[in-house]
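Report on the following structure.
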């Protein structure tokens, strides 16, 4: 199973890149994590709806075929790390890759939210989209470690 992360935004600060890389490199090949940065739309003279629509089209192009789509959204379902581990086991058993979608500064277009198989919330608080990458990568690693009885998770 591959874990794809499509994240709107590029030119992230080094601490974001390092944080994401720290956890993505810990993942074994059987649950490889791959980040694809989606270029954000330029704001000049455009309304939010236009920006989100343009980013939505880029996301659709980048979506791996046949994947299970999980949108990260503050209004999504709250899940504990143990629940995320259960979900990962289910996804792995389904034989499909999983794609997590993180919106940019303005969020995600409703069309992307509608094609999602699931909506999850990392927090009910609004998070900077760069930080969401790091938090997601850490939680995926932690959830995977639970499925393998690895001592990283000690709850």
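Yeah, the Cβs are placed from backbone N, Cα and C, and that goes for glycine too.
The feature S-adenosyl-L-methionine binding site is assigned by Swiss-Prot to 72, 103, 122, 123, 124, 125, 126, 127, with sequence analysis given as support. Residue 126 (S-adenosyl-L-methionine binding site) carries neither a helix nor a strand DSSP state and counts as coil.
Local packing around the binding-site residues 72, 122, 125, 127 was summarised as the count of other Cβ atoms within 10 Å of each Cβ; on this measure the leading residue is 72. Note: residue 124 (S-adenosyl-L-methionine binding site) has non-local neighbours 74, 78, i.e. same-chain residues 6+ apart with C-beta under 8 A of its own C-beta. Cβ environment of residue 103 (S-adenosyl-L-methionine binding site): 8, 55, 72, 73, 112, 129 lie under 8 Å away, each six or more residues apart in the same chain. Fewest other C-beta atoms within 10 angstroms, among the binding-site residues 123, 126, are seen around 126. Secondary structure at residue 72 (S-adenosyl-L-methionine binding site), taken from DSSP and collapsed to helix, strand or coil, is strand.
Residues 72, 103, 122, 123, 124, 125, 126, 127 make up the record's S-adenosyl-L-methionine site, and a Cβ search at 8 Å around their centroid adds 73, 74, 121, 132 from the same chain.
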